[in-house]
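**Q** Below are the structure tokens for one structure; questions will follow.
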Amino acid sequence: STMRERKTTDPLHSSTDLSEGKEKLRLKQEVGLISSVSLIAGTMIGSGIFMSPEWVLHHMGNPASSLLIWAACGLLATFGALSYAELGTIIKESGGEYIYILRIFGSFPAFLFAYTSVILVRPAGLAAVCLSFAEYAIAPFYPGCSSPQVAIKCTAAACILILTIINCLNVRLATSVMNIFTAAKLLALLVIVVGGLVLLAKGQTQSFQNGFQGTTAGIGAVGVAFYQGLWSYDGWNNLNYVTEELKKPEVTLPRALMIAIPLVTCLYLLVNVSYLAAMNPSELLSSGAVAVTWGDKVLGSWAWLMSLSVALSTFGSSNGTFFSGGRVCYIAAREGHMPDILSMAHVRCLTPSPALLFTSAMSLIMIISGSFTSIVNFFSFMAWLFYGMTISGLLYLKIKKPELPRSYKVPIIIPIIVLMAAVYLVLAPIIDQPQIEILYIVLFIFSGIIFYFPLVRFKYHPHFLQRVTLHLQLLLEVAPTTRDAN
């Protein structure tokens, strides 16, 4: 059938049903500690740190409180990641929030997450990052004027196609690209940090005098400032999407998180200090692209390095988003929540190529239509809605099923703090400034009911889809896969 039936009764205790004496196709465990750190740091450091500081400052009203928001965002990302690390050692399957919601709360909420994530959230996030890559990549070819939209969209589409080829060919090639680009963007951030320290040593500390003067105290404004900061930290949960491909996941997962997220948090704080050393708050607020303005002020004739750095950074981030986003689609199909063809892997490359091609196609549609801007603006609203649900699942397991084997335990106060933050981040913008787009998002999430009951619950599968699946299987050279025996 085109949608595969899976047992979901007490799945935390059930074992994978493997056929006797038959060789099974599965994804390789090729992601080690260095690649894991690169995946997290490389996805987190995208366009956000080069673009968001002005918006955090705008909503908070002064430099000191904006730095507190950046530190708080890093702490929240760390707490969230530590909570996910425990979930990853209890449920040793790829798929991130999707697989955790499925195993803890059941099929229906997991389907709604997969439906929203695969069709909307992941492709929109990827399209947005690729468009920001395109803007910086072609800006030098149009000096003194804005780049034409056609050129930006074509470059972004080319970026997605290149990423598709890299990720479909080889997992090791994709992780190597991640490692190289992560090293490049860390180098770019270090240049900004060192430049800032030199300016501070020269006594440029005007921005930090009376640092808390004019702080915004509104509940909604603080929530939106958090959204802007957390957009830059997004990706802290990406390693949980590829758990089955990690070498020794019970060791690698928590260790990589504890290296990558504090590293990124420290860099973000130092980079913000550097921006404020080079520019006063009004200059920073009027800057269209903070890193480029910083480059003009500090690097002089070498300012073009900043544009190049942002382009490299966004390309590396989009690779990480694509790598993990394709896995959500693949795992959801393997569990019977998406067409069966998306759960298959290439017989030679051992990559989930149909899922990657589908994610690529959805992202290209969003780039061509260009109507996803409002969706991306509310990306954080949707993300924290599902993060909150996932964290509440962890609290349920800690209280109701403490006997489950786990190699890592997070103190219960940490997921409680993350859950409270998630509730605040979801409710604050609705209470303070309700917007019609949030209603559209909620309606889209629940529109999944139309597909869930006929296709998943009652397993209505048109016969022609079976023939389509067979032809696609032959065309793409793919075969069904099994879960890791862990």
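The backbone N, Cα and C atoms fix where each Cβ goes, and this holds for glycine too.
Because TrEMBL annotations are produced automatically, they should be read as predictions rather than curated entries.
Keep in mind the model is a prediction, meaning the values are calculated, not measured.
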**Q** Of the ranges 97-118, 207-228, which one does TrEMBL list as transmembrane segment?
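**A** Transmembrane segment, as annotated by TrEMBL, spans 97-118.
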**Q** Flag the pair the transmembrane segment (378-397) / the transmembrane segment (409-431) as in contact if three or more Cβ pairs fall under 8 Å (sequence separation 6 or more).
**A** yes
**Q** Given a Cβ distance threshold of under 8 angstroms, which distant residues of the chain, six or more beyond its ends, lie next to the transmembrane segment (409-431)?
**A** 76, 79-80, 82-83, 85-86, 219-220, 222-224, 226-227, 230, 380-381, 384-385, 387-388, 391-392, 394-395, 398, 438
**Q** Verify whether three or more Cβ pairs under 8 angstroms connect the transmembrane segment (154-174) with the transmembrane segment (354-372), leaving out any pair fewer than 6 apart in sequence.
**A** yes
**Q** Near the transmembrane segment (180-201), which residues from the same chain, at least 6 beyond its ends, have a CB less than 8 A from one of its CBs?
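**A** Long-range Cβ neighbours of the transmembrane segment (180-201): 37-38, 41-42, 45, 49, 267, 270-271, 273-275, 277-278, 291, 294, 298-299, 305-306, 309-310, 312-313, 315-316, 319.
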**Q** For the transmembrane segment (298-317) and the transmembrane segment (97-118), does the number of C-beta pairs under 8 Å, pairs 6 or more apart in sequence, reach 3 or more?
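**A** Counting Cβ pairs under 8 Å (6 or more apart in sequence), the transmembrane segment (298-317) does not reach the transmembrane segment (97-118), since there are fewer than 3.
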